Amino acid sequence: MSDSDSKRIDVEAPERVEQHELQVMPVGSTIEVPSLDSTPKLSKRNSSERSLPLRSYSKWSPTEQGATLVWRDLCVYTNVGGSGQRMKRIINNSTGAIQPGTLMALMGSSGSGKTTLMSTLAFRQPAGTVVQGDILINGRRIGPFMHRISGYVYQDDLFLGSLTVLEHLNFMAHLRLDRRVSKEERRLIIKELLERTGLLSAAQTRIGSGDDKKVLSGGERKRLAFAVELLNNPVILFCDEPTTGLDSYSAQQLVATLYELAQKGTTILCTIHQPSSQLFDNFNNVMLLADGRVAFTGSPQHALSFFANHGYYCPEAYNPADFLIGVLATDPGYEQASQRSAQHLCDQFAVSSAAKQRDMLVNLEIHMAQSGNFPFDTEVESFRGVAWYKRFHVVWLRASLTLLRDPTIQWLRFIQKIAMAFIIGACFAGTTEPSQLGVQAVQGALFIMISENTYHPMYSVLNLFPQGFPLFMRETRSGLYSTGQYYAANILALLPGMIIEPLIFVIICYWLTGLRSTFYAFGVTAMCVVLVMNVATACGCFFSTAFNSVPLAMAYLVPLDYIFMITSGIFIQVNSLPVAFWWTQFLSWMLYANEAMTAAQWSGVQNITCFQESADLPCFHTGQDVLDKYSFNESNVYRNLLAMVGLYFGFHLLGYYCLWRRARKL
């Protein structure tokens, strides 16, 4: 065993800590914790030595004294797929610590494991990730509570473009803040965040998308993402490539905001790719990764000194960040040599004095966590989230606003539906009298009404869940709401349109075509058309969640549509269906609706005009003759209505299950 190994304090995980060289400190003791940054800051704003923080371990709380995040011997494996479910190690025995007031840059070449390490430390790793090692924040193992005490700013900004900045922050505040926060307090928090992030003038501006005339700029969208994460005043903030896609001025303003947060005691970890020299100077700590291993941890100035001591000198007037990343990167054509060079630096850092100082801090933090019970646990557990029904209400209200403000989803379809009702009514006007030709016209009008409320509504919702799936996954991982709340809220937001739209359609179409003028016939027809549209939409939602893309969903849905159309009862009698397709009649809402609407039109009709009858072309004399022609039974009307209600809930249950399963896998 080497000297460095023999001097290392071997402290186990908090649940099984053993006492070796450290003396257990009594509760209430104050100890000086060594800082990982013992060098002057490169930024001109702070050229003096940083004072070493003092922590009273009897008052260890996330709000009063910040958060210290430590991890030891951390290995992270991800599933790379294949029949054998092969696991690939992304992070290799990483150890580190971040103290309150630290703005740390996590750097490395592409594929070095930056995002994987940060998402693991934030307890936001993807499903299927295997984590080994110890990760603690203020002496407590990380867990789902990290979503409450930390913020995570993703590289790509996901918003609902139809909402304004103020509306988005309002919705997020309702979902993130403690239920005991009053309306006035919530308003003041949002106003303060708008002022801090420079978004006060854009509060009423819609976030927008690429097709909108007035949208937020890239810098404003990034600041809005920061404002959302700062709502619950996190003690630790994780930022994944926060400057990506921003111009130099916006990037500088953003990093300046991070610097100010760190000065107030927030612990901040950022992955950053090729920052400018000016941006790099704002970070008081840097961690370099190479193929999942730690190549250096410490101040930027010490990083340059460490590399220089091993033969890598940064040229004059050269960006230090580019130099450090370039040394650890893999050069095309020299892959093996580049990897050996990077691994050599990792090996040298592992036995350096900086690594020993880091290990001492990590072991000390883990050991001191066993000195007593700290208020940190109490403060974490005292958080009271929003009640489930309020979460559901917020998600439903947001989905409803999106539908109302998106013309492609609601208003254009509504206008199209009214236009089609007038066209259909005009085509069948005066043709539905009780005669032999009238029978064909009535059945044709009924089928058109069914098909018009089947195909377009069903295909129009195929993009509903795939379009919002990335945002849904991000927010559910943050614990804002559940899969069931999200699915039910979106369906409930669709429901008013799914009732009003077919009702207006059937009112216009029914009276223009001159169908049977009895309350019973109209009522059954209206209920059938409303149910047809809702069942078709439910089927579309099921296929929307069952497949990853709209083209794939359509590829499977189109053949099923043809089967339902053929078995609707107008093209072929149900009794004559082949045995292989006998089951389709139980799933065909078009058949249920056609039978019920036909029965409502012809039951009780005793006289149908027949001008000429022959053996080859017999006439329909009564309404019962029409029902017998299609093998329909007037006693099945209410059964068919209930069957369509059952299909509606059945398709939605399948849709929810598919969405839940997809979310669980990712």
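Every residue, even glycine, has its Cβ placed from backbone N, Cα and C.
The membrane topology recorded in Swiss-Prot places His302 on the side opposite to Gln585.
Residue annotated by Swiss-Prot as N-linked glycosylation site (from the set Asn93, Asn633): Asn633. All protein chains included, Thr115 (ATP binding site) registers 18 other Cβ atoms within 10 Å of its own Cβ. With respect to their backbone Cα atoms, Asn633 (N-linked glycosylation site) and Thr115 (ATP binding site) stand 64 Å from each other. If you look at the topological domain 'Extracellular' (512-518), the same-chain residues 6 or more away from its ends with a CB under 8 A from one of its CBs are 421-422, 424-426, 428-433, 442, 445, 525, 600-601. With the fewest other C-beta atoms within 10 Å around its C-beta, Asn607 stands out among the recorded positions Ser109, Ser112, Asn607, Asn633. Gly113 (ATP binding site): 24 other CB atoms within 10 A of its CB, across all protein chains. Put simply, Asn607 (N-linked glycosylation site) is 80 Å from Gly111 (ATP binding site) when counted between their Cα atoms. All chains included, 9 other C-beta atoms sit within 10 angstroms of the C-beta of Ser110 (ATP binding site).
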